[in-house]
Amino acid sequence: MSIETISLSGRKKQVSNKEMTFLERLYLVAIVKGLIITLKHLFSRKVTIQYPEQVRTMSPVYRGQHMLKRDEQGRENCTACGLCALSCPAEAITMKAAERKPNEKHLYREEKYAEIYEINMLRCIFCGLCEEACPKDAIYLTTSKLLVPSSYEREDFIFGKDKLVMPLEMAIKNTELKKAN
Amino acid sequence: MDNTIIIEKSVIILVVFAITMVMAMYSTLAERKIAAWLQDRIGPNRAGKGGILQPLADGLKLFSKEEFEPDTPNRFLFFVGPAVAMSTALMTSAVIPWGDHFHLFGRDIILQAADIDVALLYVFGVISVGVYGIMIGGWASNNKFSLMGAVRAASQMVSYEVAMGLSMIALLMMTGTLSLREISLQQSGMHWNVFYQPLSFLIFLICAFAETNRTPFDLAECESELIGGYHTEYSSMKMGFYLFAEYANMFISSTIIAVLFFGGYNYPGMSWMVENVGVNLANVIGIGVLFAKICFFIFFYMWVRWTIPRFRYDQLMNLGWRILIPLSIVNIMITGIVILRHEIAIFLGF
């Protein structure tokens, strides 16, 4: 087998410039064949998803909006180490660290915490590398179907801790579920 | 001439006019639906149940659009273009026999607006005036793309009219009449012309595609090359008229194909129905059958549109002048030989 005729995909077709027969030159046979193909499609299953009524099922590895986790006692996991910001290919994450005060032990798990934690949702590409980089299991990309809402102001797309940190009720519910199990 | 015939004809004209408009309107919906189905989509289904009000919504949208006029020296022609296109599209339906006759109020009512004995010539005449609508519109738009579209449309329609006329001559040699009513009557009892003149039918069909500017011969419009061709500069309802005229033309040419080659309102067992069930009911079914045939051909137009890509301009001209015209001349000769043989056989007493 010469190198020109090898077809690794099995789909390679040799082009032939052979003279067409009279029947082929009439094109009528080809047109009828084409018509039969399109007619088959007339009766085939339609692929349209009627959006507001039907919603496409998300992929099991779907990555939605970020969430900063709390532990069982409702304390924030994040220690503002900055690994997520470092790993972020879109440079969407910024943060400012602060030291925990003695009376804040119920709020933050370790001595250092993120005073400001911001993700620019216009820059974020939802790749999930921050989640992989995090040593404290603090940041996660959720399966939430809630998309970033549209807005007229760029500032509205910079999500601070108010939008990112897991709500307390959710943390309480999670703890209760864990206890029940 | 008594007064009843005026009332009778006015009613028929009004009904035919209304039917043509409704058919053209719903052809737009059918086109979108069939296009969608052939592409595994669903198509418009939000306006009304299953999208049944979509044509009304489209019409309303076109009416509410801004009326734009290009800065053209031929403002009058710019208005005349769509008007000519629309009126010629609607005029053809006058001579089409929608059924044989009704027997109502003690008189026979022929289901045809005008039974003129040169009906076929009339149809051809009106259709060839239709090209002026496109030409005038394209010329008056003062736009190079429009002019290109108009030039293409004119040369295409003129060259395909020749082949169309020649293919008709073979048919006329057989029928011996130009009246569409006579041609319909001759085809009763499954003597459909398509069985006797298949080549003529094929040529006529191809030319009908070219005459109505439908794919694969929509070179006058071709969105991808001429951004709409002759109606690039039109907006609002003038644009609507052009689009509407195209669909009305499609309806009329489907009707003419059905009447000339597929027996018109005739269906198997029609004479039995007339004798046993009654003239009126038999003809109501006949009208239904004619419309079924028309709808099939309208569907066929759309089916072909989403199957065959557009011809190149030189391919189109080649097909018209170098293939279809010689072919239809050969067809005329074959028909002539067969008729002559038949007559000689009769003359010699075989």
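Glycine is treated like the rest: Cβ placed from N, Cα and C.
Using a Cβ-Cβ cut-off under 8 Å and counting only residues 6 or more beyond its ends in the same chain, the transmembrane segment (B:12-29) has close neighbours at 44, 51-52, 54-55, 58-59, 89-90, 93-94, 96, 98, 109, 111-113, 243-244, 247-248, 250-252, 294, 298. Residues or ranges marked as transmembrane segment in TrEMBL: B:12-29 (among others).
TrEMBL lists B:76-98 (among others) with the feature transmembrane segment.
The annotation transmembrane segment is assigned in TrEMBL to B:119-140 (among others). Within the chain carrying the transmembrane segment (B:119-140), a Cβ under 8 angstroms from the stretch's Cβ atoms is held by residues 72, 74-75, 77-78, 80-86, 88-89, 91-92, 94-95, 146-151, 153-154, 157-158, 161, 164-165, 168, 172, 178-181, 183, 211, 213, 220, 229-231, 234, 242, 245, 249, 256, 260, all 6 or more beyond its ends.
Annotation source TrEMBL lists transmembrane segment at B:160-180 (among others). Remote same-chain partners of the transmembrane segment (B:160-180), defined as residues 6 or more beyond its termini with a Cβ less than 8 Å from a stretch Cβ, comprise 95-97, 112, 115-121, 123-124, 127-128, 186, 193, 196-197, 199-200, 203-204, 206-208, 210-211, 217, 259-261, 264, 320, 324-325, 327-329, 331-332, 334-336, 339.
Residues or ranges marked as transmembrane segment by TrEMBL: B:192-211 (among others).
Taken from TrEMBL, the feature transmembrane segment applies to B:247-267 (among others).
Look at TrEMBL and you will find B:279-303 (among others) tagged as transmembrane segment.
Counting same-chain residues at least six beyond the ends of the transmembrane segment (B:323-340), those with a Cβ under 8 angstroms from any Cβ of the stretch are 160, 162-163, 166-167, 169-170, 173-174, 197, 199-200, 203, 206-207. What TrEMBL lists as transmembrane segment is B:323-340 (among others).
Outside the transmembrane segment (B:76-98), and at least 6 residues removed from its termini, the chain residues within Cβ reach (under 8 Å) are 13, 16-17, 20-21, 24, 69-70, 110-116, 119, 122-123, 126-127, 129-130, 132-134, 136-141, 180-181, 184, 230, 233-234, 238-239, 241-242, 244-246, 248-249, 252, 255-256, 259, 264-265, 287, 290. Proximity of distant same-chain residues to the transmembrane segment (B:279-303), defined by a Cβ-Cβ separation under 8 Å and at least 6 residues beyond the stretch ends, is recorded for 23, 27, 30-31, 34-35, 38, 98-104, 111, 209, 212, 214, 250-251, 253-255, 257-259, 262-267, 270, 273.
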